[in-house]
Amino acid sequence: MESKAGPSCRLVFCLLISAAVLRPGLGWYTVNSAYGDTIIMPCRLDVPQNLMFGKWKYEKPDGSPVFIAFRSSTKKSVQYDDVPEYKDRLSLSENYTLSISNARISDEKRFVCMLVTEDNVFEAPTIVKVFKQPSKPEIVSKAPFLETEQLKKLGDCISKDSYPDGNITWYRSGKVLQPLEGVVVLIFKKQMDPVTQLYTMTSSLEYKATKTDIQMPFTCSVMYYGPSGQKTLQSEQAIFDIYYPTEQVTIQVLPSKNAIKEGDNITLTCLGNGNPPPEEFLFYLPGQPEGIRSSNTYTLTDVKRNATGDYKCSLIDKKSMIASTAITVHYLDLSLNPSGEVTKQIGDALPVSCTISASRNATVVWMKDNIRLRSRPSFSSLHYQDAGNYVCETALQEVEGLKKRESLTLIVEGKPQIKMTKKTDPSGLSKTIICHVEGFPKPAIQWTITGSGSVINQTEESPYINGRYYSKIIISPEENVTLTCTAENQLERTVNSLNVSAISIPEHDEADEISDENREKVNDQAKLIVGIVVGLLLAALVAGVVYWLYMKKSKTASKHVNKDLGNLEENKKLEENNHKTEA
């Protein structure tokens with residue numbers, strides 16, 4: 001319960017006020033509080049048994065007291081005096097601890113706790129100190145730039161709302177800036193707000209810059225006192241543009257000199273190392289003695305290989321300050337023959353060439369259906385597996401983006417070719433009939449039973465790969481049947497039939513279609529056998545010719561001998577006749 005102090009209470013208190021004594025052993029006691037916090041002041045007196053009431057006061061600068069709070073020991077009531085600056089800010093506990101909310105600078109006073117008995121008054125003084133942390137220091141009124149060898153105001157460092165006042169220090173790259181005549185000039189001032197009694201500190205810095213100050217951070221800090229002692233707040237960094245004259249010119253090329261190719265746009269950039277840099281330059285192109293006046297950039301569009309040469313630039317007012325660079329315009333030509341979409345028949349020959357012309361050695365890569373080939377494709381006799389999308393690609397490794405590629409889409413066509421095979425299941429309960437088909441475009445396969453002409457739909461087909469696939473059916477015929485396989489594409493319609501015996505009649509199984517790999521092996525073996533047979537036939541032919549010549553010669557000699565023998569017999573007969581005549 002709160003109320004105003006009554007007259008009787010004041011009378012008793014006034015009678016005893018002159019007898020107030022300071023409790024022995026109680027010296028000055030200080031309470032430190034942050035601005036805006038709650039000030040808590042314990043009474044620091046032992047409560048006597050015959051206590052009548054407790055009271056708090058503060059002392060004005062002239063020493064006169066101002067009572068602010070009263071608490072009775074018997075009624076347990078609290079009464080606050082009508083002091084405007086403490087209205088609704090006071091709280092007095094049962095142990096006579098006084099709390100003041102929302103601490104202000106004006107609360108820095110000497111407060112006294114008083115405990116009153118019937119025959120005595122005991123006092124315990126407390127000194128209140130209030131501290132206000134200043135705002136984070138900030139560099140304001142910053143110079144847009146600094147110039148070498150010129151003393152110029154860099155900016156102001158300001159920190160507000162401090163109590164008590166603080167000090168400001170400037171730093172360059174973390175090192176304290178000390179005053180130096182003609183180089184570092186510091187001007188410090190502080191100002192107190194008459195209403196809030198808070199201080200604002202400002203420090204102005206004048207500084208003579210050099211080129212070493214480029215990208216150097218400048219900061220400032222404020223040192224202040226708080227309830228726990230001395231503290232420091234640091235500002236954000238400030239980096240200033242440093243102006244200095246041009247001492248050297250350089251020329252740059254975009255894109256990179258090693259990556260320029262025909263059709264590119266070349267941008268020449270001329271730079272002076274001063275700050276601010278020069279805004280205009282003279283550009284010299286190969287074979288042109290007169291410079292072209294331009295800003296710091298000059299662009300050549302859609303350059304050709306004859307643009308290779310030396311390029312230069314200089315200052316307009318100082319042509320002796322010049323820079324140069326050599327530029328090579330790279331080129332790459334590719335010709336694929338044939339190219340585009342080409343349709344050939346199976347077994348045809350197709351020569352392919354990819355011709356390269358470049359400013360330096362180029363790499364050549366062949367791809368088929370996005371898979372890299374080991375060598376250039378060559379087709380002496382086309383197969384279905386040769387069909388696909390071929391790409392000849394060339395590039396200059398050192399020149400990014402300089403690539404050329406041309407493609408050849410090869411289509412290998414062929415009329416449908418059919419081979420039919422049959423195989424009896426080991427169980428003897430069914431037979432598998434397979435129709436192997438080659439051709440491109442992909443032939444459509446149709447099965448029929450000869451005689452009935454019905455189409456068999458329940459078939460199983462393999463994937464169509466390299467112009468080949470098959471269709472398979474499984475049957476259990478009760479009588480002899482003839483199966484017909486028809487394959488048809490845009491080029492031709494091919495038909496083949498196969499007689500299949502009833503399941504009860506054993507028959508010879510025909511070999512299944514062999515794979516491409518095995519087909520090649522068989523072809524190789526066949527070639528070997530044919531070679532051996534041809535060799536034997538040639539040997540037999542030679543032996544026959546020799547034998548024929550020998551026999552012919554023998555017969556001729558026999559005829560001559562027989563003729564001679566006949567002549568001898570005729571002579572003998574003539575001689576005998578002659579002798580008979582003579583007799």
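Placement of Cβ uses the backbone N, Cα and C atoms for every residue, glycine included.
Quick look at what TrEMBL annotates:
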- 1-27: signal peptide (SIGNAL)
- 125-234: domain 'Ig-like' (DOMAIN)
- 245-328: domain 'Ig-like' (DOMAIN)
- 347-409: domain 'Ig-like' (DOMAIN)
- 416-501: domain 'Ig-like' (DOMAIN)
- 528-550: transmembrane segment (TRANSMEM)
With DSSP as the yardstick, break the domain 'Ig-like' (125-234) down into helix, strand and coil residue counts.
3 helix, 72 strand, 35 coil
DSSP puts the residues of the domain 'Ig-like' (347-409) at 3 helix, 31 strand, 29 coil
Averaging the per-residue pLDDT over the domain 'Ig-like' (125-234), what integer do you get?
95
Going by DSSP, how much of the domain 'Ig-like' (416-501) is helix, how much is strand and how much is coil, in residues?
0 helix, 54 strand, 32 coil
Under the DSSP assignment, what numbers of helix, strand and coil residues are found in the domain 'Ig-like' (245-328)?
6 helix, 41 strand, 37 coil
